[in-house]
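Summarising the annotation, TrEMBL assigns domain 'MrpA C-terminal/MbhD' to 156-221. According to TrEMBL, the domain 'MrpA C-terminal/MbhE' annotation covers 233-294. For 51-68, 114-135, 147-167, 174-192, 198-219, 231-252, the entry in TrEMBL reads transmembrane segment.
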Amino acid sequence: MWSPSSFFPNILAYSVIEPAIAAIIPEAIETGSRFFSEKKIEAWHGFQPELYMTIGVVVLGTIGYLTLSKWRPMYNIFKEKWSFNALYDRSLIGLEKGSYRLTNSYMTGFLRDYLVYVFGFMIIVIGGVMFYQQAFFQTQTDQAASIGTYEVILSLVMVAATIATVFASSRLTAIIALGVMGYTLSLFFVIFRAPDLALTQLIIETISVALFLLCFYHLPKLSLKQKTRRFKMTNFIISLGVGVVVTCLAFASTSQQSLDTISTYFIEKNSYKLAGGDNIVNVILVDFRGFDTLF
């Protein structure tokens, strides 16, 4: 079946190609682009380099064919296995074997290895950019709020629960320690006066702990294999790198105020005036965010 562009070659120029180029290079269309300049098609363009190259190819090909019997013995010097066709075939085979080995080297089928790739890439890219831009040294804590006693205690509890989760000898202990982390986080929401988030966190954490207990109860009793020192060191480096990069990224993002905050828009101007509500959180979620979601 012939497509419409076969009969009308220029049918895609102004309907598909030009809009695509305009989306990528707008100035190319605005300035009377060279992509769509008028071209004059002629049967004879005179003696140009292209014509000389064509004549040269024809002449050399004719001479090579007429003198084939004289230079054919060169094939006896260069064996068939060293011909370009043989080299090309061997390169394809080698490329296929090499790609197969490379793929098998990193496609191990273990989720842990894939997480190492993802987190390692994040550490290298984000951490490298931050180090190159010296973002690690631009953190400012002048405008940070003071840390209270309850926050310090809850932070220590979360750190202890995290360490207990990692070094737990049984599944039940790890699940309980993980639940302690979630419940402690809900207490942070209470301290920061976000009862709705605290209630949501409590519900989700309770359901998660129950599901974990149910799943691990039905899982087979598999014994842990002895981990090598290299395995443990890789996990330690990746964990430490992710923690450092994310922490520094959080400090760097809060230290740079390149854009004006939107809190003034809701607190001082439009929360009560436009929505008629004193609870800013409910106003934002129901009125402003609901309006945005609708449209």
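Any Cβ shown, glycine's included, is placed from N, Cα and C.
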Average model confidence [pLDDT] within the domain 'MrpA C-terminal/MbhE' (233-294): 76
Tally of residues which DSSP labels helix, strand or coil - the domain 'MrpA C-terminal/MbhD' (156-221): 56 helix, 0 strand, 10 coil
Paired segments the transmembrane segment (198-219) and the transmembrane segment (231-252) in contact, 3+ CB pairs under 8 A: no
Secondary structure content, the domain 'MrpA C-terminal/MbhE' (233-294) (per DSSP, counts of residues): 51 helix, 0 strand, 11 coil
